[in-house]
């Protein structure tokens, strides 16, 4: 945990220093501290790199899986959800000053690398870290096209990621091998994990399908067919390891090492966060168009 904390601190402070240096350089060049419509190329480059580092986007992503692996499930949940809000808000404010083609390339690279790098992982926290990198790629792409669409994508990402981390925390699941014993805790949680993983993979009619479909629709409308095709193909490896986790969760029988049907476990304190986010992760599909037109 100490190593993960040190890595996270160094990365975040370095990115914050780069943002301050970019603002100072831009003020020196333009004579004003406000964000203009166009910035100096050096300031734009530093700003883009800083946001990439804070969000864990490719190719500045190498710290992210290691930090999540060295953290507890609850801490990893906060890093994957809550800690994304401030950099994304900053990216939303500075969108007009950044190069959209660069952001699209970063989004595609993150989606591709997040899928391929997660294929050979056995630790659930590292798998979810690469899943987060891939989802951030989709989110940056959506932000380049339509900020309202990016808000919907962020909402669905948080509501799908939160119950997965909470379920893995409650069942003490750390590796793919532990997934096969999840049914010995409760079969209801086993089925819910199956559905949420399929929602993270973007399969209809679950919640995770609609943001990807709307992003594809927006890209095709703006004549970005090659980019949309590449982004879809980049999401296939992610879908593969979601299906693999689903297979290990529901279709694999755990070895019977004891004479009891269920594992010995301490009584956990019920929380309203898990059922609430689980319901949102599974049945928010009809609400998404309404949210899209409201924002």
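Easy rule for this one: first residue shown is 1, then count along the chain.
Cβ coordinates are placed from backbone N, Cα and C, and glycine is handled just like the others.
The domain 'NADH:quinone oxidoreductase/Mrp antiporter transmembrane' feature in TrEMBL is assigned to 2-233.
Annotation source TrEMBL lists transmembrane segment at 102-120 (among others). Residues 48, 52, 57-59, 61, 65, 126-127, 130-141, 143-144, 227, 230-231, 234-238, 240-241 of the same chain sit 6 or more residues outside the transmembrane segment (102-120) yet have a Cβ under 8 Å from a Cβ within it.
Sequence annotations record features per position, and here TrEMBL assigns transmembrane segment to 127-145 (among others).
According to TrEMBL, the transmembrane segment annotation covers 151-172 (among others). Only residues 6 or more beyond the boundaries of the transmembrane segment (151-172), in the same chain, are considered here, and those with a CB under 8 A from a CB of the stretch are 72-74, 76-77, 80-81, 84, 88, 124, 128, 131-132, 135, 138-139, 142, 178, 181-182, 185, 189, 192-193, 196-197, 199-200, 207-208, 210-211, 214-215, 268, 271, 273-274, 277-278, 280-281, 284, 288, 291-292, 295.
According to TrEMBL, the feature transmembrane segment maps to 184-204 (among others).
The feature transmembrane segment is assigned by TrEMBL to 224-243 (among others).
Residues or ranges marked as domain 'NADH dehydrogenase subunit 2 C-terminal' by TrEMBL: 239-292.
If you look up TrEMBL, you'll see 272-292 (among others) marked as transmembrane segment.
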